[in-house]
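Shown next, in structure tokens, is the structure this report addresses.
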Amino acid sequence: MNRFYSMQMEEPQNGKVKESFRFVAEVKKDVWRDSREEQSEPTCSLSVRKISYTVSERVGPWWDLPSYRKRWTRQILNDVSFHVDSGQIMGILGNSGSGKTTLLDAISGRIGNQGTLLGEVFVNGRKLKQEQYQDCFSYVLQSDNLLSYLTVEETLTYTAQLALRKRSAEAIKKKVTLELRLGISFIIFLNLPSLPPTTGLDSMTANQIVVLLAELARRDRIVIVTIHQPRSELFRVFNRIAIMSRGELVFCGQTEEMVDFFSQCGYECPEYCNPFDIYVDFTSVDTRSSEREAATFTRMHEITSAYQRSTIYQSMLEKMEQSLQRSDKPAIPFKSKESPSGAAKLGVLLRRTVRNLSRDRMGVLMRLSQNLIYGLFVAFFVIHLDIDVTKGAVQDRIGIIYQSIGASPYTGMLNAVALFPALRAIGDQESQDGLYTKWQMFLAYIFHILPLSILSVFIFTSFLYWTVGMHPEGLRFLCFTAVVLVPHVIGELLTVVLLGVVQDPNMVNTGVALLNIAGIVVGSGFLRSTQQMPQVFQWLSYLTFQKYSCELLIVTEFHGLQFTCNNSTSLPGACVVTHGNQIIEEGYPGALSRYTLYFVLLYAFLPALLLLGIISFKIRDKVVRH
């Protein structure tokens, strides 16, 4: 006969009716219980033994050196042990800060390197090395990061293309369509985490997801979830329930055993109450006052001690030992390594990035028009260039060159700060799942921006160059455009490179702006002639792209340019400059002979920064774990 938990009236004691949550018989068919009884012997098992995790933290802030030098150790997990068989779904409950997420991070290989992890994890009785955890377990993060402008079908299709190698495009499309029709997460097909977390969802939707996970577990898998405030209907969905508090496992057993255990400890579930909420409350530590913290901490430890003395705990240890002592231990089911080649993954990432960002109409419009808008401001103030040196013919041209080189990196930087952090978060998540490495996402983004950057700069230079009347030759215009393009791309590329190692976009924004200002001051020769600068700054100028771009634009505009002079002016020396070559030889002697070389050196910054970006995101692979 099937059973379920319900309220029962007990015999009156001292004239009062006592109510509690007890087993009663149920005649109606229970689908979940029948499915458990019909299930065959488990083919896989997970044993976690004495997992502990500690972190060492500084006592005080960095500016208080005496306290900053001191460290104190904080225990996050303390000797956590449990055993789960395939076909089961285990729910981990506990209040905030109880260690639920840290436990899943620990056994899935996402704990990072900031603390000390001890303990053992066994799959099918075979011990896993810590570096193998991630190859064996799929993981769904508490916070979900998705590309904003892709449909669900497109998201699943790109995930499949990144994860699967020996599947044709038609086979992937059919499978995606089938999974969407079934309404079951793609995790079944890919063996990768594609389920949404329950955080932030209403109780009904979260309930539906847990039911789907239970269906997934019945397909001979092990599913472990952390869940906040589960509905009481889920009481019969979970096979095992674990309750954590202060990093300790207070209880872990079958749902049928949970109510009896707490009742025997003297903590019965009142009428019309959700047992999950009640038992989490009983095991939580109240920190609102020192007295309440001491009392609730003692109560939690009493329940933990009772659990460790119980037959439930002993039975779990016996099952774990049986799994470890088996002579015919099945192989560890590692995740498939048959993923596409690096070039194929890069192609998928590029297509996905292009499709997602191209649907952001406002983003595309701003990327294409921001340089043009800036060009409108410059053209408005200059109106038209004159060839009379007394009317600012030289000064105005140098000013346009300065603005073209100085402002272009900022527009590229703003694009990167606005768009890339969201892609970086997705790259962090999917690289942890083994879909690709972070530097491949970096390259996909850079390759995606190149056509848009070229078009944006071409629109800007086409308007500015011919509107204000710069040297009217087609070849010079193309050279001007090619030179201005590099600072624009470098601004965005350098920002993305720094975003690989610096988490805060605002800090990167400030850093790139300061680097650009320093490059203009040291390399351009506008503030002070390069020949007049100290030797150390002359050497540093060769490390700035502004040195090459400014000299190239000076030569492009002034070479062969003839000036006129209004002799009626009373300003002494106003008509000294009559030819553009005088400007070149005075400020940049020998620039004509270096023109081609400086073009090559300017464009060499792009592959150099690409290589630096790959290194940056390889470092991020090591530093950022979750």
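Cβ from N, Cα, C; glycine included.
Where the annotation comes from TrEMBL, it is an automatic prediction and has not been curated.
Some features that TrEMBL has for this protein:
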type     : residues : note
DOMAIN   : 46-271   : domain 'ABC transporter'
TRANSMEM : 364-385  : transmembrane segment
TRANSMEM : 400-421  : transmembrane segment
TRANSMEM : 442-468  : transmembrane segment
TRANSMEM : 474-501  : transmembrane segment
TRANSMEM : 508-527  : transmembrane segment
TRANSMEM : 595-617  : transmembrane segment
One stretch in 400-421, 442-468, 474-501, 595-617 has more Cβ pairs under 8 Å to the transmembrane segment (364-385) than the rest, namely 442-468
Are there at least 3 C-beta pairs under 8 angstroms linking the transmembrane segment (400-421) and the transmembrane segment (508-527), leaving out pairs fewer than 6 apart in sequence? yes
Restricting to the same chain and to residues at least six past its boundaries, which positions have a Cβ under 8 Å from a Cβ of the transmembrane segment (474-501)? 371, 404-405, 408-413, 415-417, 420-421, 424, 438, 442, 445-446, 449-450, 453-454, 456-458, 460-462, 465-466, 508-509, 511-512, 515-516, 545-546, 549, 552-553, 556-557, 599, 602-603, 605-606, 609-610, 612-613, 616-617, 619-620, 623
